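Peer 1: Before I ask anything, here is the structure I am working with.
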Amino acid sequence: QSISCAESCVWIPCATSLIGCSCVNSRCIYSK
């Protein structure tokens, strides 16, 4: 199950990567 982190990563990396989100198709996604 993937959850949107309400952040995009088109120009900058995901700040939410600190809590486990990753960049997928220009969106920050959290996948368990």
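Cβ coordinates are placed from backbone N, Cα and C, and glycine is handled just like the others.
Straight out of Swiss-Prot:
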| type | residues | note |
| --- | --- | --- |
| DISULFID | CYS5-CYS21 | disulfide bond |
| DISULFID | CYS9-CYS23 | disulfide bond |
| DISULFID | CYS14-CYS28 | disulfide bond |
| MOD_RES | GLN1 | pyrrolidone carboxylic acid |
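Can you tell me where each of these features sits in the structure?
Peer 2: In the three-state DSSP scheme, CYS21 (disulfide bond) is classed as strand.
Using a 10 Å radius centred on the Cβ of CYS9 (disulfide bond) and all shown protein chains, the other Cβ atoms total 20.
In three-state terms derived from DSSP, CYS28 (disulfide bond) belongs to an extended strand segment. All chains included, 20 other C-beta atoms sit within 10 angstroms of the C-beta of CYS28 (disulfide bond).
The Cβ of GLN1 (pyrrolidone carboxylic acid) lies under 8 Å from the Cβ of SER31, LYS32, each of these being in the same chain and 6 or more residues away along the sequence.
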Peer 1: Hey, of the disulfide-bonded residues listed (CYS14, CYS21), which one tops the CB count within 10 A?
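Peer 2: Compared across CYS14, CYS21, the most Cβ atoms within 10 Å surround CYS21.
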Peer 1: Measuring Cα to Cα, how many Å separate CYS23 (disulfide bond) from CYS5 (disulfide bond)?
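Peer 2: That separation, Cα to Cα, works out to 10 Å.
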Peer 1: Show me the subset of CYS9, CYS14, CYS28 whose Cα is within 10 Å of CYS21 (disulfide bond); these are the disulfide-bonded residues I mean.
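Peer 2: Within 10 Å Cα-Cα: CYS14, CYS28.
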